[in-house]
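Step one of this worksheet: look at the structure below.
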Amino acid sequence: MKVTGIFLLSALALLSLSGNTGADSLGREAKCYNELNGCTKIYDPVCGTDGNTYPNECVLCFENRKRQTSILIQKSGPC
């Protein structure tokens, strides 16, 4: 009984530690496609890691290329 309790506590501790590695808090890269004619006007806002809201991922990619930066998407939706 004591061994089972220790095993369950150990398994629970391992599961809680493996749940969040902190990588998600950094953000994710925008899906950049080679848009020769520019970006669509579809409003699907994303929040950049620079604290600015971009109308969509394409606009964020365009700004990254223009400014030679690598701003990530912190979350979907406005900041």
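The chain as shown is numbered from 1 upward.
Quick reminder: no glycine exception, Cβ is built from N, Cα and C everywhere.
Annotation source Swiss-Prot lists disulfide bond at C32-C61 (among others). On its own chain, C61 (disulfide bond) has A30, K31, C32, Y33, C39 as residues at least 6 apart in sequence with a Cβ closer than 8 Å to its own Cβ.
In the three-state DSSP reading, C58 (disulfide bond) counts as helix. Counting every protein chain shown, the number of other Cβ atoms lying within 10 Å of the Cβ of C58 (disulfide bond) is 21. Per Swiss-Prot, the feature disulfide bond maps to C39-C58 (among others).
For C47-C79 (among others), the entry in Swiss-Prot reads disulfide bond. Every protein chain considered, the tally of other Cβ atoms within 10 Å of the Cβ of C79 (disulfide bond) stands at 14.
Annotation source Swiss-Prot lists domain 'Kazal-like' at 26-79, citing sequence analysis.
The feature signal peptide is assigned by Swiss-Prot to 1-23.
Secondary structure at D44 (site 'Necessary for sperm binding'), as computed by DSSP, is coil. Other Cβ atoms within 10 Å of the Cβ of D44 (site 'Necessary for sperm binding'), summed over all protein chains shown, number 13. The site 'Necessary for sperm binding' feature in Swiss-Prot is assigned to Y43, D44.
Here the domain 'Kazal-like' (26-79) returns a mean pLDDT of 92 for the predicted model.
Reduced to three states, the DSSP call for C79 (disulfide bond) is coil. Annotated pair C47 (disulfide bond) and C58 (disulfide bond), C-alpha to C-alpha distance, rounded: 13 Å.
When the alpha carbons of C58 (disulfide bond) and D44 (site 'Necessary for sperm binding') are compared, the span between them is 10 angstrom.
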